[in-house]
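Scroll down for the structure; my scribbles are underneath it.
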Amino acid sequence: MSFQADAFAFLFPGSAMTNSILATAYISIFPNLLLYFVPPDINTGSLNVLVSFAVGGLLGDVFLHLLPHAFLGEHAEENAVVVVNSQKNVLIGLGIFAGLFFFFFMDKMMRVLNGGGGHDHSHDHKKNDDAPDNKKTEGSIKLSAYLNLLADFTHNMTDGLAMAASFYASPAVGATTAVAVFFHEIPHEVGDYAILIQSGFSKQKAMMAQFTTAIGAFLGTFIGILIEESSSSNKAADEKAGIIDVVGLMGTDLRWGDLVIPFAAGGFMYIATVGVIPELLEVTGNIKKDRKQAIMEFLAMFVGLGLMLFIAWNDIPA
């Protein structure tokens with residue numbers, strides 16, 4: 001066995017259910033523990049390089065693992081004939097759109113409720129020096145912080161759903177998704193932690209708030225496990241009853257559990273592109289500084305993508 005296979009076998013030694021819970025613990029606990037060592041005024045340039053690496057990893061997981069699995073399945077036999085079902089592909093595409101739209105809906109509603117501010121990871125939150133508006137501004141910042149926590153909770157639920165769906169798909173898809181989400185969670189948690197600090201939270205309260213949002217990841221995982229177990233039991237019951245041509249959603253062989261991975265892929269696409277990349281497009285106006293920053297971000301993104309490519313190329317068998 002390769003080092004990669006040995007490492008994944010050590011980290012995820014159990015069943016799909018056990019491994020998805022373990023993965024959720026890894027992506028929830030360790031990034032939050034790192035917050036203890038992170039200064040609240042972390043350099044924006046350094047954070048953006050880390051974010052670029054995470055974006056490369058997250059999009060790499062979407063395009064190299066989740067989407068290929070959603071459309072083609074996992075580890076088809078050599079010389080096997082792949083039957084193209086247009087209706088099935090349309091439903092998978094709708095699942096991807098549903099994931100993307102869900103995050104668009106959440107993002108839009110957060111901005112509406114917050115009077116224009118969204119779920120932002122930027123560190124350029126400057127205090128308002130207008131004395132008469134201090135109380136109003138302080139209240140707005142507090143509301144923004146709590147809405148940010150709610151958005152985090154929802155985001156983490158999607159991570160949990162992805163953990164369950166991925167491990168039930170195969171150990172390979174599960175392990176790679178766990179790696180991608182783990183590296184995404186580090187800058188994500190650091191950015192949100194900084195927002196809470198700048199909103200008036202103490203360091204201890206900000207860390208506890210971030211740990212609280214991790215409950216969303218476990219909730220999402222348990223929901224995902226419930227969907228997958230229900231889907232598996234129904235399939236087993238059909239096979240036991242001798243039903244060969246099982247009719248699933250809208251006349252296809254898809255079950256609800258099969259749409260969790262497309263949903264997660266759509267959510268990850270929104271998070272990486274709409275939620276994060278716009279921040280990376282911002283410049284300071286200093287050409288020399290911006291050019292150096294851009295090169296570092298490009299390289300970091302390709303390193304993140306390269307990590308996912310390496311894992312995909314050396315896939316562990318199901």
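Including glycine, each Cβ sits where the backbone N, Cα and C put it.
Taken from TrEMBL, the feature transmembrane segment covers 50-70 (among others).
What TrEMBL records for 90-106 (among others) is transmembrane segment. Same-chain neighbours of the transmembrane segment (90-106): 67, 70-71, 119, 151, 154-155, 158, 249-250, 252, 254, 258-259, 261-271, 274-275, counting only residues six or more beyond its ends whose CB sits under 8 Å from a CB of the stretch.
According to TrEMBL, the feature transmembrane segment maps to 206-227 (among others).
Per TrEMBL, transmembrane segment is recorded for 259-281 (among others). Residues of the same chain lying 6 or more positions beyond the ends of the transmembrane segment (259-281) and with a Cβ under 8 Å from any Cβ of it are 48, 51-52, 54-55, 58-59, 61-62, 66-67, 69-70, 91-93, 95-104, 107, 119-122, 155, 158, 161-162, 164-166, 169, 173, 177, 180, 184, 224, 227-228, 249, 297.
Using a Cβ-Cβ cut-off under 8 Å and counting only residues 6 or more beyond its ends in the same chain, the transmembrane segment (293-313) has close neighbours at 4, 45, 48-50, 52-61, 64-65, 175-176, 179-180, 183, 280. Feature annotation from TrEMBL assigns transmembrane segment to 293-313 (among others).
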